[in-house]
Structures are given as C-alpha cells and as structure tokens.
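Here's the structure we're looking at; comments come further down.
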Amino acid sequence: MADEHKSGNGRNGAKESTEDARRWITMLFISTCLLYCARMAMPICAITMATTFHWSKIESGLVLGGFLWGYCFTQILGGHASDKIGGERVLFISVASWALITAGTPFLVQLGSHTLALMTMARFLMGLLQGVFFPSLASLCSQRVVEGERGFIMSTMNSGSHLGTLLAAGLGSMILDCCGWESVFYGIGILTALWALVVWKVFLKGKVTPKKLDTSNKLKWSSMDWLRLFKKAPVCAMVFAHMCVCSTSYTLLSWLPTYFEESFPHSTVWVYNVVPWLTAIPSALVGGYIKMSVLFVPSCLCSYPPSVLQILMSSLYFSGVSVNVQDLAPSCAGALYGFMNTLGAFMGLVLVSLSGYLIEVTMSWNSVFSLITIVNTTGLVIFLLFGDAGRVDLENSRLTVCDT
C-alpha cells in the first residue's frame, strides 16, 4: 500500500509538473507576442508621427534606430543573469518595465518641444528593457527543457513574435486610423501590464526575489574559456550569420510599413502590413525541426524585393538559430545568445539608420533592398563554409564541473 501511495504521488507530481510547464509555455508565447506588439508600435505609427512632428526620413531613422541602441546594451547581461538566477524572474522584471515605458510614451510628447529627442529616448529605454528577453528565454529553455523538445518550444515562442507583429500591423493600423497613434501605445502597454500581473500573482506567487539555481553539473567559465569558445569555427559562423540576418530583419521591421504606405498610397495599408506576416507563424513552428543550414539559404535569396517569401524564410531561420545556440553551448546558451543579439542589434542599428539616409538621398527603395541582399548573402557564405551543430562547450580541457 505504501508503494502504491508513493507511486500515486509520483504520478500526481509528474502531472502537476506537466500542467505547470504547459501554463508557462502559454504565458511565454503571449509574452513574446506582446513583446513584438510593443516593438512594432513605433514603426506602425512612424508615418503619422513623422507628419505630425515634421520628421525627415533621416530623423525617422534615428527614432526607429533608438530602440537598437538600447537593445545592444542588455543582451549579455540578461543572458548571464538568467544563467545564474533563472530566466523566469528576469523575464518578469523585463516585461513589467517595458509595459510601463510603452504606456508612458505618449506622455513624453507633453514634456517639451524636443519631440525627436524624447521619442528617441523612449525607444532607447524600450530596447534597453527588451534586450534581456530572448537571451533569458534561451537560458530558461536550455536549463528547463530536454534537448529533444527544444526545437518545438523555441519555434512556438518564435511564432508568438510573428503573431505579435501581425496583430500590431493589423489591429494597430486600425486603431491608429480610428483613435490616433497614442491609443496604440496605451493599448499595448495596458495589455502587457495585465500579463505581468497574472505572472506575478499566479506563477511567481508574488515573489520576484532572485533564487539561485542549482549549480551542480554546471560548467565554470573563465575569460580564457570564452576566448577558446569563440575560436571554434561553428560558433563564429553562427554568430556572424545571426548578426547578418538579425540586422536585415530589423531593417525590414522598421521600414516596411513606410514602404507599403509610400508605394501603395491608394490601397488599404493594414492589408499590406498583415499579409507578409500571415506566413510567418506556421513557418516558425516548422522551423524548429529543420536544420539551420537549410533555413539560412532561402532567407538570403528572398531578400529582394520585400516579399512574403522573405518574411517566411526569416522566421524559419530564427527558429533554427535559437536551437543551434543550445546545441553548440547549452551550458552558456543565455550569455552566448545575448552576445549574438548584441552584434545583431548593433548591425541593425547601422542598417536602419543607413537605410533612412539612402532613401532620403537616392529617393529609391532599391538601394535598401540591394543592401539587405548583400548582407544576407555574406552571412550565407560564411555559415555554409563553417556552420555545424555539434556541442563544443565541453571540448575545453579547463572547463570543470561545479561542486555543491
């Protein structure tokens, strides 16, 4: 009877653990969706705000690029903190903070006449707070998810980002037309704050204090170990490829709404903002099961002109790279993914600002799409030559297992 009782308790515990994992997956999916809703708020409203505040293309590029300045600074910090204290708490603090920034953005306009500087600062703060999100997610997945399930989990999270983009492009455009650009920021900020409240009350039980993770069977990393890791060809190829595709994706996210508005002025704008992203959700779900080398090739070939294929293949790629970093170095996946995203965000900052300059000077979008094609093709060549998926973080002889 005692054995049966213990067996019953074990089954009940496993069932509760599975149910808790499913609830967390659902909430993380929603958070990724809200993340991209908030990220897309400014690109969707950029044309209206540029008309209202008399911004040129170069000035619009500065505002849009302000997000990436902040995004560069917290990537590695977020991944490292998540590796140490747990990704769920870092994610909660991040989401709650940028919910406040999003809802408060319209109030900044009322603080003074320097609207360009204020909006750029708001975007900088948004990037600063969102920078920890995906490194924390990668760290959380590498710590809590078995290897065989990582592809599906990360592809599910990536599909949430495309759903968020889809909702921001569709509903955001309609809210913009009906209620003004301020309402877009208010709505997204309030919804995100509700998500944070639910997570705090239901999942974290009102506690946000860092809880040190069990460090048994974890690897100690020194600066020399990191240097040896970055001498591995597969790691360098993955980082470089991610930098290329990430930066061009940021450029498309920032400028496509403006492109559609100017290229099809007499059409329903929200349709053009929505249609490309409809393909991204199913492709992101499929991406976790396909090798990244296969995913990266079409994302380069479909860069010119902007098309449904470009969005589809980019979503496939991101589902692959989020798993690839966990395959190569699961013991430091959060910090490594943060480093990759830092380079991608910095390169994105350069491309977003440069794109605004090229459009202003050449009066043509062809120069922007040509630039995107060149960058992605360069990343493709490097990854095809040196990319791999075998684990490399155990190859350094100086790495040792922590004793607890």
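Just so it is clear, glycine is given a Cβ too, placed from its N, Cα and C backbone atoms.
Residues or ranges marked as domain 'Major facilitator superfamily (MFS) profile' by TrEMBL: 24-404.
As annotated by TrEMBL, transmembrane segment applies to 24-49 (among others). Nonlocal intrachain contacts for the transmembrane segment (24-49), taken as residues 6+ away from its ends with a CB within less than 8 angstroms of a stretch CB, comprise 55, 60, 63-64, 67, 88, 91, 95, 98-99, 102, 105, 119, 123, 126, 130, 133, 137, 153, 156-165, 167-169, 172-173, 176, 180-181, 184-185, 188-189, 191-192, 195, 198-199, 203, 253-258, 261, 273.
The transmembrane segment annotation in TrEMBL covers 61-78 (among others).
TrEMBL lists 90-109 (among others) with the feature transmembrane segment.
Marked as transmembrane segment by TrEMBL: 121-140 (among others).
Positions annotated as transmembrane segment by TrEMBL: 152-172 (among others).
Remote same-chain partners of the transmembrane segment (184-204), defined as residues 6 or more beyond its termini with a Cβ less than 8 Å from a stretch Cβ, comprise 23-24, 27, 30-31, 34, 37-38, 41, 44-45, 88-89, 92, 95-96, 98-106, 168, 172, 175-176. Marked as transmembrane segment by TrEMBL: 184-204 (among others).
Taken from TrEMBL, the feature transmembrane segment covers 233-257 (among others).
Annotation comment: TrEMBL describes 269-287 (among others) as transmembrane segment.
Residues annotated as transmembrane segment in TrEMBL: 294-318 (among others).
Per TrEMBL, the feature transmembrane segment maps to 338-359 (among others). Here the transmembrane segment (338-359) has Cβ contacts under 8 Å with residues 57-58, 60-62, 64-65, 68-69, 71-73, 75-80, 127, 131-132, 134-135, 238-239, 242-251, 254-255, 321, 325, 365, 367-368, 371-372, 375 of the same chain, all six or more residues outside its ends.
Annotated transmembrane segment per TrEMBL: 368-387 (among others), in sequence order.
Long-range contacts of the transmembrane segment (121-140) within the same chain: residues 28, 31-32, 35, 38-39, 42, 63-79, 81-83, 86-88, 90-91, 94-95, 97-98, 101-102, 104-105, 108, 154, 157, 322, 325-326, 333-335, 337-338, 341, 345, each at least 6 residues beyond the stretch ends and with a Cβ under 8 Å from a Cβ of the stretch.
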